[in-house]
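> Please read through the structure below; I'll follow up with questions.
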Amino acid sequence: MAAVVAASGVAPVRARFVTSKEQFHAYLRDRGQEEEKEKEQEEEEVSIGQGEPPAKRVKAEGAGRDEESGEDAGAEEKEPVERKRARGQNKSRPCMKPNHYEQNRLCPSVTQGCADKCFFGPRCRFLHDVGEYMALKPPDLGHRCVLFETFGKCTYGVTCRFAQAHLGDGFQNIINTELAKQWEGKALVRNSLSKELQHQLRKRKFSFKRAEEFLRALAKPHGDGRKGGKATGCSAEEQEVSNCTRPQEGHGDDPACPVLPGQGEDPKADGLQSPSPTGDEEAPSIHTVGPVTDEDVIKLRPCEKRKLEIQGKLYLAPLTTCGNLPFRRICKRLGADVTCGEMAVCTNLLQGQASEWALLKRHHTEDVFGVQLEGAFPDTMTKCAELLNQTIEVDFVDVNVGCPIDLVYKKGGGCALMTRSNKFEQIVRGMHSVLDVPLTVKIRTGVQEKMNVAHKLIPRLREWGAAMVTLHGRSREQRYTRSADWDYIAECAQVASPMPLFGNGDILSYEDANRAMQMGVSGIMIARGALIKPWLFTEIKEQRHWDISSSERFELLRDFTNYGLEHWGSDTQGVEKTRKFLLEWLSFLCRYIPVGLLEFLPQKINERPPYYMGRDYLETLMASQNVDDWIRISELLLGPVPPGFTFLPKHKANSYR
């Protein structure tokens, strides 16, 4: 036991809790069903499933998952011999879309109450008979519908997997009119893609006047015959407002920088009203509402842009896959000050892809919210910045120059921009010229492990127009295999001054956060630490270690599933989408070691947890690194998985069996 505790890279769990892999799984297998039933009796809402208990699922399904993931019955025996460091993504993982689990689907026209006008016409492959659909529909997952209880109405009607809570005679959808009136007219989620905007983007009718003006200036040849360059694209503009390039303490303090009417209010109450705020022409396909004011036709000068006041605040990093809106709601409730949407690819946004625009959605509780863009070229990034500037409500736009994955790097985006200084400059200058909100940049120390270049780029980023820089203390080559270099982050924070610089890397406790703030950074960004324990924000603000119980952690998971059903829907597709993202989060959450079990505090982010027995069954189950146990937790919240269900985490490092 002692050897396991003292092993390098393994978290120091107290010896009496440490166990072997075989004993750990035997405990979950033998005692799981009995203790789950006791837990369900104590908590009324733990189990909402009506099918067989998770422990009685057909073993053939488990065997099928092993076969599909390329593993056989002897995988555990071979593991010590064949195990190698898991890095990158599971690119060939089995991945079924949530709608594939429902063979007989009701036509959306019937659900929305317009069955006489089917959207798909005579070629529609969906069911139109409600009685036939209800006969084939899988059994409900519970007696309570979170949408009906929260909003007084479930828009999914008979397709809801909790429909018995709000269906009357003749499958009529019941509405709680008193509760529904309280939410009437309130926009809970903003930044949705409208059909009109999607049509304009697909038909290329959207006006990019400010971006095109910058790009034309970028293409003008210089005196030496070259096109583009360091001063291109903003030369005339910079000369015009050279006395306003530094941020002022307050708007209107400098007579050379007058405040425009309505400054300080949100200029994007309706993003389609003024698609060309810099020009004196109006796009013929877009209608304006109300009188045209100076604010509609005069471009904001740099000194008049809204400032980003987030110094000293806790910033939840933009987390691909796991940083979805329901998860951000959990973190926001637990103390996160600043949130950012998942990385969105600019070319997909410009094409009007609904799946990419979903990454920009903002919940009304996110009071300081930004979006992160990824791209490799000035034209697409500048146009995308102008598009978002006109159509969505954000407090800042972030440029991803830290993404290490090959798919992004090989096309010149992400970390590759750190080695393409001309393109990088043109992107930052172009986006800064078309945005009315601050532009921030997230970078790494460099591309190669021992060749840091961030300290050279940061002063130039300040000149190009960046309002803030976030520095992840690792290079692209290091990924997450080395500790973050906070000494280098401190050096860069001095170089960046007076521009704020946020540090990022290896923060999993309030002690880590305190040490980071002592390095002179303006604030800290938290990424993996929030996935492993989202209550980290509370710990930092209250300066304590929270020995959170398994029941409290389970309630957080329940809240996440409720938020997921609100966001993705309570029909089969929405339930399985919620389950998918819950499982992705659980692949990180299992790394957390309860405070009461540690030999000494705090837990380090790069220390792998050993096999240990928790203080109760649920705590032990949550510590499991086995995919099947994560699925069992999801079944406690969302009912039995569909037949043929498979799951493998996106990140290889989380693919424990």
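Every residue number used here counts from 1 along the chain in the order it is shown.
The backbone N, Cα and C atoms fix where each Cβ goes, glycine too.
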> With TrEMBL as the source, which of 144-169, 482-507, 586-611 is set down as zinc finger?
144-169
> Please find, within the list 101-131, 411-441, 442-472, the residue stretch that TrEMBL describes as zinc finger.
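Per TrEMBL, the stretch marked zinc finger is 101-131.
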> Do you know the DSSP helix, strand and coil residue counts for the domain 'C3H1-type' (144-169)?
13 helix, 2 strand, 11 coil
> Taking the zinc finger (144-169) alone, what is its mean pLDDT?
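Mean pLDDT across the zinc finger (144-169) comes out at 94.
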